[in-house]
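Single-structure report; data block below.
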């Protein structure tokens, strides 16, 4: 947008130069000019002759607001940029916004910020601060509303701080936090990027740049100059006036407040602020009189940057923004843009567009840089600093120390234990030097891993960037070490066995061994970044930036440091000892047996005996891999064990445990409430503690009664009562609950209910050490922020009472009543009392007999007459028990209740002062609560809500007037132009506009563009961030809850930030700064309680996961300084997080689990992360099977994304996620091992041994493989152990928190309801999503559904969702297992049968009502229709659609947009890169196929009756390629038929479907025929047949993947091609000129699809057959429901009611399809059974058969 004429060159030029009145004298205190002329004798001392040195002369204050500022400045806007800023509410009131919009009307301005009032020696009055803001807004063109918002923000901050220290100190520490202190991000950035750039103007005289170019510089710069610079910085800061300090804070906040998405880039913000600050000090700015129109800052500084970031991910198509199809490698994201500002060289890259010559921004004098911002050409400036490529190499780079510690140590162990492998040909044992040297190669292995990691890292960093240099040096070093560790082996191998060598080889070998050990230990312990020439701790200026911003980890205290080292030492020492004896030494006997074995008397037509005689060594190689996997699993095992031990130990140290007797916990509770929760230090002693405690306790109990958790009788027993004492005085009687505590009687509260849990947690949490609370007036202000997108706000009546669809079977209300029977009872009693009061008002009396009948409606739906006040009560009751926003708001609003309560209890004088005037008292309490606690919801879609959502939001505002809602307000732009977006804020006090009926916003700040550029959540938080107030933030999700008794601890939790007792020294003083050196606390973690844990087994598993990860592991990790994640009830240090890039990162697709990145960010930039145990919030989790797995997939893909992000590399921390994915890799590896051993057992004759293990004589040609079978048994045991240990943390956690009985009960419940099956399954889903994400990408924020799990999902949907991730793999492993079981049976295999079966059937096992007969059959019908749908008409869900969707991951979509209805069925997936594809889609399947084929060929390579059989390769080739050829033939024929007949058949709709079903049936028959033929060729030997089928399947899989990956072009978005193929009507489909190429492409697709269809059809039938037996057992359904929902059969949900017509219809369907199903099953069974029975009778004699 071009500015109008006058301002084209420079909107900041001063139009009215005539009346230059010198309003403010320029600060020339030292007498010299402000910009000293660069001196030639430049030395290290003058590093900072920046103007901070002469900052002690303050600019004179402005007296009052300047005259020329008045409302008419609106005109200037409108003609400057043709856009009006509608003034929001307050601007009408006064020209000077002196009153905070959140103030109570009727109070003067000074009283809004009570701690900042004239009687407290404030450094400057509120009015003066306001003048500063007005002045800045005019000088820079900030928006009015933004300025008012930031003024209020600053005042609240000062008020919050000044309430616990002197106002002077408050301002000082605030300035230290934002601008100049030890830990301020701005200071760190200044030292990293600016220190030697701004001392001189322009490049020619700039020694800073010169010095960067020269290698070492003339004089040794370095530590000395840094220290002196620090001292000079501190002096400059110390000499500033308070006025200047406040002006800098104000300027920073004003820049920050309008920056929109630029806030994600903290160093970019620092640069903008620096330029603005320099400009403000320049004479040009000071002498300027006319105000700059508002909005200039936004349009000239922020907009261009924002546009750059937006255009990286989006392009404009037809006026709409469309996501570009780029992967992260191509997108220059926030991190890359931000890194440019880290280095002086980066800043030097910023160029201006000045016609021809390229001026750099650095060459402009500092004071003028700000004015040049609008001319910067950002497109030429930025570049990628780190490539987030997708590849498995990430696992190598990020976790290289883990790989080294495992693989190298494993090599040392195994090499030592398998001497026979490298012994010379004729000897049994190798010579001593050879043994030493071969073992020493372990060092070479670890060096190789390092070299690979370094090379991989090269591919992630652009070589031009100055980080690459250290990688090169590292590579050279590593190659030298490799020569040292591997070289000697060659020498020794050469001279080994020659005579008279003496001791030299032995000495060399030993030396080599020790070098290797040292190298391995060094590589294993030192992070690779720090290894050669540390780039991080190096003193050189060059690396300072990357250290400051990524590696300034906070220093751990001594004890934690020892604990951390101790933990890892324990884990690894246990592991290495145990692995050596259990895995390696036991492995040595199979090695000894197998190493030299050659198989005799076998041959093959083509390969001779090259392959088959080496089968035993092949097997050994696979066994080596297997052993390595187990070696990894062991670490996982010990990691879990020790983390749990540490965590439990820690919880005892903190005093959290049930084993302290209950009696004490409850009897001492009143004393503890008094001592720990009340700030009683300053109170006079005239009130008895008992009185104060009774008020708190009664409030808690009554709040529980109001939530219907307690009945009236319970409340009576729990309250403090006033009774008449013996001497006539009234005294307080403590409730019997505290006095006679003999175990927990059921008398006090409902057994096992919510109240029970809450009170006991409250009691036990008070036993731990809490920080001392401050008085309420002195506590810091904090904000709760909830991002809300489209979650339910309040349930509507309809949702509660009606069923969702036929599959649900139960209304929500019924379901909730089942889950909370006691609370429903209390609710109904309450309602009846209300109703009776209302009735008795009418004076009607009801008879008692009718009474019973009349109560029915209450018990059913909770109300009798449907007037809104009654229905609303039911709706609220249900909403408070489901996952709704209303629940969150009402829970979090307990903070304000708690603050009022504490304020009232601790200041009894207030109550006295107001006497009987309750209204004024209430107002005073409200004022305090509003001053200390703010609650904001960021409702992204608020302006787009439908009617119901609007009503609900309005209801929230009416119920809680102090609630603030931040939302996006859109103004459509002129036609064709972009609209403008605003961040707007309303609360319950906002007036309603008569015209629109909407509330008028308090603030309305224009944004640079649409803020939602990422996955939504973090952007949503960011746009509302400018409306938070105070010092701390609590980020809450929209599915959480909070309780009054927890909110009472708020002052203690905020005390964890260690900012209560701030030293009274100045942070800038000569000695005072030493008291501010401790690293700030960035995040305080708290516990979450999953309130859906009582909803059956899946809810419980989700809760258990949270308990172990979120609480147990977090407790141990936070202690040793490794906790990176913030859970959602965590408190954040708002100033710290916001000056470092906000509370969560937001690049689209890359930062999925946004919260983890915030943790990493805080940690890497020097913040500490704590975890507190005594505070908890409620949180809901997903309850249905599908939703839980969506959540798993989300986390898994998020993991994959994290692997590919730069910050993970800088962390280089260990993580258990690798453990979980390895445990799934273990299963296929193990299967293949078993397969190979099975082939040996089947084909060879195994020796019999006597009792002592010696081979019995007289068995010529036998193979002694007994030790191998022993080893297998041992392996299975160890895998089983790892699996079992995974349940240990949950068990121990329960044990510690709830006692033995409860723990055993919960564990038992889990095992009875088959949760191990779910565990196996979810691990598979997890690792599948990590790996596929690293290959293809496509991570999206999957909105994890939050419904209840009562809905039955149909078979076809479940099948299509889980076939790819787990069912196919499960079936492959089932086949292998079947072969192994036939070949070598040991009872240990049962465990494997169990875990592999669980991969296949888990989704169906956890499906509600899976086993009711009629539903099962109706499902079958639905499945058949699903398989054959979508060929003549587009259907939303069909097998074809599912198949296409899974294909597009590889092929991607065509770019062209074709408006077509069926396009909505497919998301946007970028096409995966070919490098990844070659590996995962081509090489890997071929390798797997080869492995199987080798095994098969081995089995077939023995002569039968003395005749060498024909080559098995031919047989396999024919059987596997045969079906593909058959399909191709069928398809060709049908293609021509449909091409010629189709167009004539246009009237017949079903033509396409008929053609398709003919093709499918023929394909099935072909498959079956080939299978039977193969079995016949194998002479009906079942185990060989199974092995053959495995080969065939793997070869076909390889062929399909190859065809799809290599031959297919991108897909069309719609499915027209499919329908064209079957109907033969290719024209008029909108293909354009690709109509000729499409049939060929579709032909290949169809060939693949046919085989897939056949296999899916068969697999699904086998699954159905497996699921049939339970259906036939009577009562299985109710047993199954008991298992899933943990409700007794009597309590269970009733079956659905159908009308007579529906019943008849269903009965007919069931009968019909039962017959179809039985026929299919019979057909499949016959195929297997008939050959087995009649195999002797069936004999063909064919020449062909003999030759294959």
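Just so you know, glycine gets a Cβ as well, placed from its N, Cα and C.
The region 'Disordered' feature in TrEMBL is assigned to 1-69.
According to TrEMBL, the feature compositional bias 'Polar residues' maps to 13-24 (among others).
Taken from TrEMBL, the feature compositional bias 'Pro residues' applies to 26-39.
Residues or ranges marked as compositional bias 'Polar residues' by TrEMBL: 51-61 (among others).
Look at TrEMBL and you will find 243-355 tagged as domain '1,3-beta-glucan synthase component FKS1-like'.
Per TrEMBL, transmembrane segment is recorded for 434-455 (among others). Within its own chain, the transmembrane segment (434-455) is flanked in space by residues 393, 396-397, 400, 403-404, 407-409, 411-412, 415-416, 419, 422, 471, 474-475, 478-479, 481-482, 485-486, 488-489, 492-493, 496, 505-506, 508-510, 512-513, 515-520, 523-524, 528, which lie at least six positions past its ends and keep a Cβ under 8 Å from the stretch.
Long-range contacts of the transmembrane segment (475-494) within its own chain (CB-CB distance under 8 A, at least 6 residues past either end) are made by residues 433-434, 437-438, 440-441, 443-444, 447-448, 450-451, 454-455, 505, 508-509, 511-512, 515-516, 519, 531-532. Residues or ranges marked as transmembrane segment by TrEMBL: 475-494 (among others).
Annotation comment: TrEMBL describes 506-526 (among others) as transmembrane segment.
The feature transmembrane segment is assigned by TrEMBL to 565-595 (among others). Sequence-distant contacts of the transmembrane segment (565-595) (same chain, six or more residues past either end, CB-CB distance under 8 Å): 405, 409-410, 413-414, 417-418, 420-421, 616-617, 619-620, 623, 627, 630-631, 634-635, 637-639, 641-643, 646, 1116, 1120, 1264-1265, 1267-1268, 1270-1271, 1274, 1278.
If you look at the transmembrane segment (616-633), the same-chain residues 6 or more away from its ends with a CB under 8 A from one of its CBs are 406-407, 410, 414, 579, 583-584, 587, 590-591, 594-595, 597-599, 1219, 1222-1223, 1225-1226, 1229-1230, 1232-1233, 1236-1237, 1240, 1263, 1268, 1271, 1275, 1278-1279, 1282, 1494. Feature annotation from TrEMBL assigns transmembrane segment to 616-633 (among others).
Taken from TrEMBL, the feature transmembrane segment applies to 1218-1238 (among others).
Beyond its flanks by at least six residues, the transmembrane segment (1271-1292) meets 582-583, 586-587, 589-590, 623, 626-627, 630, 633-634, 636-637, 640-641, 643-644, 647-648, 1104, 1107-1108, 1112-1113, 1223, 1226, 1230, 1233-1234, 1237, 1303, 1306-1307, 1310, 1316, 1319-1320, 1386, 1388-1389, 1391-1392, 1395 of its own chain at Cβ-Cβ distances under 8 Å. Under the heading transmembrane segment, TrEMBL lists 1271-1292 (among others).
Panel annotation: around the transmembrane segment (1477-1498), residues 392, 599, 602, 604, 607, 611-612, 615, 618, 1232, 1235-1236, 1239, 1243, 1335, 1450, 1512-1513, 1516, 1587-1588, 1590-1591, 1594-1595, 1597-1598, 1601-1602, 1604-1606 of the same chain, lying at least six beyond its termini, place a Cβ under 8 Å from a Cβ of the stretch. Summarising the annotation, TrEMBL assigns transmembrane segment to 1477-1498 (among others).
Packing against the transmembrane segment (1518-1542) from elsewhere in the chain are residues 1551-1552, 1555, 1558-1559, 1562-1563, 1566-1567, 1570, 1573-1574, 1588, 1591-1592, 1595-1596, 1599, 1621-1626, 1639, 1643, 1646-1647, 1650-1651, 1654, 1748: each is 6 or more residues past its ends and has a CB under 8 Å from a CB in it. The feature transmembrane segment is assigned by TrEMBL to 1518-1542 (among others).
Taken from TrEMBL, the feature transmembrane segment covers 1554-1577 (among others). Beyond the ends of the transmembrane segment (1554-1577), by six or more residues, the same chain brings 1427-1428, 1431, 1515, 1519, 1522-1523, 1526-1527, 1530-1531, 1534, 1537-1538, 1585, 1588-1589, 1592, 1622-1623, 1650-1651, 1653-1655, 1657-1658, 1727, 1731, 1738, 1740, 1745, 1748 to within a C-beta distance below 8 angstroms of the stretch.
Here the transmembrane segment (1658-1687) has Cβ contacts under 8 Å with residues 818, 1094-1098, 1100, 1309, 1312-1314, 1349, 1355, 1359, 1363, 1367-1368, 1371, 1397, 1400-1401, 1404, 1406, 1408-1413, 1416, 1420, 1423, 1427, 1564, 1567, 1693, 1717, 1720-1721, 1724 of the same chain, all six or more residues outside its ends. Annotated transmembrane segment per TrEMBL: 1658-1687 (among others), in sequence order.
For the transmembrane segment (506-526), same-chain residues at least 6 beyond its ends with a Cβ under 8 Å from one of its own Cβ atoms are 400-401, 404-405, 408-409, 412, 432-437, 439-444, 446-447, 449-450, 481, 484-485, 488-489, 491-492. When pLDDT values are averaged over the domain '1,3-beta-glucan synthase component FKS1-like' (243-355), the model yields 86. In the domain '1,3-beta-glucan synthase component FKS1-like' (243-355), helix, strand and coil residues by DSSP number 69 helix, 11 strand, 33 coil.
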